[in-house]
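Trainee: Taken from TrEMBL, the feature domain 'PglD N-terminal' covers 11-85. The substrate binding site annotation in TrEMBL covers Asp38, Asp39, Gly73. What TrEMBL records for His142 is active site, proton acceptor. Per TrEMBL, the feature site 'Increases basicity of active site His' maps to Asp143. Annotation source TrEMBL lists acetyl-CoA binding site at His151.
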Amino acid sequence: MTANSLTDRYLIIGAGGHGKVIADILLAQGKRPLGFLDDNLAMVGQTIYGLPVLGKIDTWADMDPTGLIVGIGDNTIRRAIVQRIHQQVKSPPWYTAIHPTAIISRSVQIGVGTVIVAGAIINADVHLGNHVIINTAATIDHDCIIQDYVHIAPGAHLAGNVQVADNVLMGVGCSVIPGCKIGANTKIGAGAAVVSDVPPGVVAKGVPARWRNVS
């Protein structure tokens, strides 16, 4: 455990699967989180990896954390929780959690509250927005731009110069050829091969990926 871990106070919002992943990242960094917050009252009082579920989300400020992370995989719910916290405090103490095994170029720009999971590879001059998830063994090549509240799922692969707008889910094992643009609020299905631009607000599946509007 690092010396800083004795004074840093980290809270994870969400005690589900992604919250556990974030706890594992913090522990791998030698940090000891205070615990979890969750609005599911059935979770309160339970422990995960020896860390307590302390209470509901809106109690976070009472615990005076130095680092706050939203551990929710769903983009829309994650964004709603972030916005809810910003209504309470202008500048919450968002923490960016990066697993020690992730490989990240020194030229990558990373926004606040972003989570980079074990085995991810992020190459030169990539821009990651706020509250992004780069999940297990995902790869993002040079000069990609990933906007806010995006989830790059496990094993997804983005070639160079791909642009991904806000609130996009890139599904498990999907791939994107160089230079494609993915519109906001779109979902790319598991295993899809994206070979052209994808408009906003659609679901794209298949090889090559074809999309339909979300009704």
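Note that Cβ sites are derived from N, Cα and C of the backbone, with glycine treated the same way.
Remember, TrEMBL labels are computer predictions, not curated facts.
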Trainee: For the residue listed as 'acetyl-CoA binding site', identify the closest of the recorded positions Asp38, Asp39, Gly73, His142, Asp143, judging by Cα separation.
Mentor: Gly73
Trainee: Helix, strand, coil residue numbers for the domain 'PglD N-terminal' (11-85) per DSSP?
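Mentor: Across the domain 'PglD N-terminal' (11-85), DSSP assigns the residues as follows: 30 helix, 17 strand, 28 coil.
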Trainee: In Å, rounded, how far does the Cα of Gly73 (substrate binding site) sit from the Cα of Asp143 (site 'Increases basicity of active site His')?
Mentor: 24
Trainee: Pop the Cα-Cα gap between Asp143 (site 'Increases basicity of active site His') and Asp39 (substrate binding site) into the table, whole Å please.
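Mentor: For Asp39 (substrate binding site) versus Asp143 (site 'Increases basicity of active site His'), the Cα atoms are 38 Å apart.
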Trainee: Taking the Cβ of Gly73 (substrate binding site) as the centre, count every other Cβ atom within 10 Å, in any protein chain shown.
Mentor: 19
Trainee: Going by a 10 angstroms cut-off between Cβ atoms, which of the recorded positions His142, His151 has the sparsest surroundings?
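Mentor: His142, out of the recorded positions His142, His151, has the fewest neighbouring Cβ atoms within 10 Å.
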Trainee: Neighbourhood of the substrate site (Asp38, Asp39, Gly73): other residues with Cβ within 8 Å of the Cβ centroid, in order?
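Mentor: What remains near the Cβ centre is Ile13, Gly14, Ala15, Gly16, Gly19, Asn40, Ile57, Gly71, Ile72, Ile77, Ile81.
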